[in-house]
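Going by TrEMBL, these are the annotated features:
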- 3-28: domain 'Glutaredoxin' (DOMAIN)
- 58-396: domain 'FAD/NAD(P)-binding' (DOMAIN)
- C104-C109: disulfide bond (DISULFID)
- K113, G177, D380: FAD binding site (BINDING)
- G242, A243, S244, Y245, V246, A247, L248, E249, G338: NAD(+) binding site (BINDING)
- 416-528: domain 'Pyridine nucleotide-disulphide oxidoreductase dimerisation' (DOMAIN)
- H518: active site, proton acceptor (ACT_SITE)
Amino acid sequence: DGPSIQQVLAELTNQRTVPNVFVNGKHVGGCDATYKAYQNGTLQKLLGDVKDAETYDYDLIIIGGGSGGLACSKEAATLGKKVMVLDYVVPTPLGTSWGLGGTCVNVGCIPKKLMHQAALLGQALKDSRKYGWQYEEQVKHNWEIMVEAIQNYIGSLNWGYRLSLREKSVTYLNSYGEFVEPHKIKATNRKGQVTYHTAETFVLATGERPRYLGIPGDKEYCITSDDLFSLPYCPGKTLIVGASYVALECAGFLAGLGLDVTVMVRSILLRGFDQEMAEKIGAHMETHGVTFIRNLQIFIQVEKLEDGTPGRLKVTAQFTEGPETFVGEYNTVLIAIGRDACTRNIGLETIGVKINEKNGKIPVNEEEQTNVPYVYAIGDILEGKLELTPVAIQAGKLLARRLYGGSSTKCDYINVPTTVFTPLEYGSCGLAEEKAIEKYGKQNLEVYHSLFWPLEWTVPGRDNNTCYAKIICAKHDNNRVVGFHVLGPNAGEVTQGFAAAIKCGLTKELLDETIGIHPTCAEVFTTMDITKSSGQDITQRGC
């Protein structure tokens with residue numbers, strides 16, 4: 001009865017070839033489809049259903065103990081699941097490593113903000129004389145004392161995270177995780193000892209690490225942000241290569257601590273951010289002593305001239321236009337040209353998880369699921385998503401709730417507020433002006449803007465008409481605010497409040513109806529009445 005059976009199978013499956021594989025009544029497909037099902041784990045799951053479900057060591061294994069991974073692990077454990085977290089920091093070329101908690105806590109947001117604060121205190125000391133404070137002794141900054149205090153605080157956070165995992169009965173391994181087959185990983189600790197673990201579900205939260213230039217001397221003599229915050233000596237005269245927010249933030253606080261700082265820029269500042277705001281940041285930093293060298297395209301080499309803490313380095317580079325070669329001597333060279341996802345050496349190819357070969361990022365669906373159904377990904381490694389700590393935390397918590405708590409709430413990646421902690425802080429939420437024009441068309445937008453002078457800066461006579469605020473409104477949508485931008489002190493605090501209003505559909509009319517708090521910087525958003533299209537003067541003469 002072969003022909004008739006084949007006809008019925010064709011009607012059921014739309015497949016005329018053999019083998020035609022079914023497991024427990026569910027159609028898998030032909031030879032290729034069956035192999036693919038084996039590679040991505042669905043075949044094992046189907047076979048497990050037949051034999052009353054396969055047994056795994058854990059319900060959930062998370063690779064990466066940063067902000068997102070820890071949030072996901074604790075939420076899943078709270079919902080009654082057996083969870084393991086693997087976290088392993090591959091030391092930098094100079095040997096720097098750190099504890100549990102990921103980039104933000106150890107070599108990112110936390111030490112960055114504290115060093116930014118150290119620089120702001122230096123400026124406050126200068127301002128204080130105008131407010132009547134008198135002190136005779138010469139004020140100077142001690143790098144070693146600052147680094148020790150910051151590292152002690154970070155150490156307390158590392159311990160707190162370990163304690164939190166223990167309290168929630170999450171198994172923590174300080175080991176490098178790598179897939180060896182579907183649902184199974186190999187964990188290798190610092191001593192080279194190997195263990196194997198299985199789980200029903202995996203979450204990738206491996207984050208990113210700084211990219212190097214790929215020239216002679218970069219890994220041997222240069223540092224990155226991974227090294228800077230625990231550097232045991234003052235970096236001295238510093239060259240920063242790159243124009244990312246990491247580059248500008250580091251340049252800002254190093255200059256604020258009194259160091260000679262130069263920033264090498266290939267093209268534009270703060271790619272991806274509003275370019276008007278980026279250029280204002282650059283102009284302010286130049287006014288306050290940071291040197292910018294633009295249009296440097298090709299970095300040739302970094303050579304050591306002298307040992308020391310710091311030593312002395314020679315940098316050779318080529319300008320984008322013209323035959324001239326740049327040569328400079330510095331004590332420290334900090335590379336901040338971007339970051340690469342840590343996804344290439346964890347065995348993803350073994351289980352069939354697809355990555356973007358160009359940048360290592362992982363494409364996921366709207367539920368953070370990869371192309372392999374039992375593997376999810378969160379945080380900075382996601383293709384096309386924001387690289388921000390609070391985003392990873394939110395995504396991790398919500399993912400655990402969807403997997404184990406019956407929730408259907410997904411992470412909202414729209415209108416996420418952020419702040420760049422340059423000396424003049426930049427807070428934003430929504431679209432950059434360029435992106436808004438691209439999306440809505442210039443004729444459909446109204447941009448309101450104003451310069452402002454913080455009251456605290458008036459007595460010391462500092463930086464009038466430098467702080468700047470603007471909102472971008474969609475005219476056809478009741479003048480809804482689609483872009484919010486502020487350049488000034490405490491920009492992060494200001495932006496956080498307005499971000500909630502923007503999520504609620506803030507309009508220009510609602511801002512106009514809001515009574516401001518006087519005297520504050522944030523009140524400028526309640527009194528804006530000058531549009532860019534009008535061309536009117538926005539300079540301020542007082543508070």
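Backbone N, Cα and C define each Cβ position, glycine as well.
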Distance [Cα-Cα, Å, rounded] between the residue listed as 'active site, proton acceptor' and K113 (FAD binding site): 27
Candidate with sparsest Cβ neighbourhood (10 Å radius) among G177, G242, G338, the listed binding-site residues: G338
Neighbourhood of C109 (disulfide bond) by C-beta distance under 8 A, where only residues 6 or more apart in the same chain count: T389
Distant-in-sequence Cβ neighbours of S244 (NAD(+) binding site), under 8 Å, six or more positions away: L270, R271, A336, I337, G338
Cβ-based contact of the domain 'FAD/NAD(P)-binding' (58-396) with the domain 'Glutaredoxin' (3-28), 3 or more pairs under 8 Å: no
Which of C104, L248, the listed recorded positions, has fewest other Cβ atoms within 10 Å: C104
Pairwise Cα distance maximum in Å, NAD(+)-binding residues per record: G242, A243, S244, Y245, V246, A247, L248, E249, G338: 14
For the domain 'Pyridine nucleotide-disulphide oxidoreductase dimerisation' (416-528), the number of residues DSSP places in helix, strand and coil: 42 helix, 33 strand, 38 coil
Stretch-averaged pLDDT - the domain 'Glutaredoxin' (3-28): 85
